[in-house]
Amino acid sequence: MFYASDQLRHPETLVIGLFQKSTLNGFTKELDDKLDGHLTQLLKDGDVSAKRNRVSKVYPPAATGMKRIYFIGLGREADYSFEDTKECFARVFQQVHQDKKQEVSVLLDTFVSGEVPAADAAHALSESCLLAVYEVQDYKHKSNEPDQELKSVCAVTEEDLREVQAGLNVGAAYGQGTNSARTLVNMPGNMLTATDLASYAAELAAKYDFECEILEKDEMEELGMGGLLAVNKGSSEPPKMIVLKYQGKDQWEDVIGLVGKGITFDTGGYSIKPKTGIVGMKSDMGGAASVLGAMEIIGELRPEQNVLAVIPSTDNMISSDAMKPDDVIVSLSGKTIEILNTDAEGRLVLADGITYAKQHGASVLVDVATLTGGVIVALGNEMTGAMTNHAAFYEQVAESAKESGEPIWQLPITEKDKKRVRNSQMADLNNSPGREGHAIMAGAFIGEFAENTPWVHLDIAGTATANKATCFGPAGATGVMARTLAVLTERFTPER
């Protein structure tokens, strides 16, 4: 879909970036000459704007063979960043998509600056294009299928074509992996059970030659996965422990463990959610989707790293067999847990997932979960909450999140917080000390299972879905953290 060329071959649709106070040169000067100075006149008359994110549409003379030119304002070049490049491309391709254009050429060099080289601009182009044109799959009798879809995007450049094509390929992998995560999260709970999620993971493994292991209920019972099994007790659907292994090094060492919460629907159990809180709980497997989206990106790019993805999956339902408040369960680690809140189930399955990842060689751990409403109260819907037991590893995750445009904010875990989750007369831990510092309590609980392994917890309860459309796509699932995990995998430096 995305390809690089050093030739501008009379495209019907053209995209051009404009910096403030910039002059026409290269392909833009060549194009202006073909248009008899029409672009120069448009700029002079103010009919196109270089203001950041402003899209201007121009209808060139029929003799040129072009039907439409889209100008996107880039603002001041001195203030222009990689993240700005992605947003500008998203905005212009959102307009291109609305206009049902199928073949587009982009004058890539007009998006290049000292801070954004051609390969990075190419990455931003393909990633943002795929995110911007994504549409939610519906299940209507007469589905609103687009009659025309974007088929090809040509990045026209005078820079090194191999580097530009490589950038396009990387960006396309990131965009597609994120969109795959979005699609999983948007699926209804009756169409995406733990079994369905496991089948999806197995197909991903077959496509990218990952090792794949799907642990069944009897195997979990034999191993003693009391956290995942307890949450599953109320369900008629069997649980699955999904394990994907990517080995990019000769030796299985310096392994990045990615653990994603895979609760395919969450009623809250006997601590049942209110009617306004239960709708939308199909998205409670957002962490699992992020991990699978990241694994798709990893499969495409094949970094020289080792990755272990672990996804404990079930739904959290109510029945005569379901887990109850006051129950005491035994986790895979051997630690016992008093259940004070059956709606604090995500941390129970993550406890077993983290322990399993450690047992199978994870050197560092990142868990991703739609875990608490408390993180939304604290940080809103645009910032992911983060907690850690290791400052240096956290910095690597934070840098990856920044590069991906998926901001995170660290919340503290103090010794007093740890004491609160250890406060139980009946067990080693309790799963819900109270509402105060709720997001932190959840992180502190999970940290009891990470123990001394470098670990970062990402609570995406506020960022996994968006209530309204943005330039990066429609309302619904965002696929958040798929890109961050993939960047972390590419950039990870083990501590020696």
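These residue numbers are counts, starting from 1, taken along the chain as shown.
Keep in mind that glycine also has a Cβ here, set from the backbone N, Cα and C atoms.
Listed by Swiss-Prot as binding Mn(2+) 2 are K261, D266, D284; the candidate from E203, E211, E338, E345 that the record includes in that site is E345. In this structure, the CA atom of K261 (Mn(2+) 2 binding site) is 8 Å away from the CA atom of R347 (active site). Each of the recorded positions K261, K273, R347 was scored by other CB atoms within 10 A of its CB, and the lowest score goes to K273. One way to see the shell of the Mn(2+) 2 site is to take the Cβ centroid of K261, D266, D284, E345; the remaining same-chain residues with a Cβ within 8 Å of it are V231, I263, M281, M285, N316, G346, V349, A369, T370, L371. For the binding-site residues D266, D284, D343, E345, the greatest number of Cβ atoms within 10 Å around a candidate Cβ is found at E345.
It is 8 Å from the Cα atom of D343 (Mn(2+) 1 binding site) to that of K273 (active site).
DSSP assigns R347 (active site) to a helix in the three-state reduction. Across the structure, K273 (active site) and E345 (Mn(2+) 2 binding site) place their CA atoms 12 angstrom apart.
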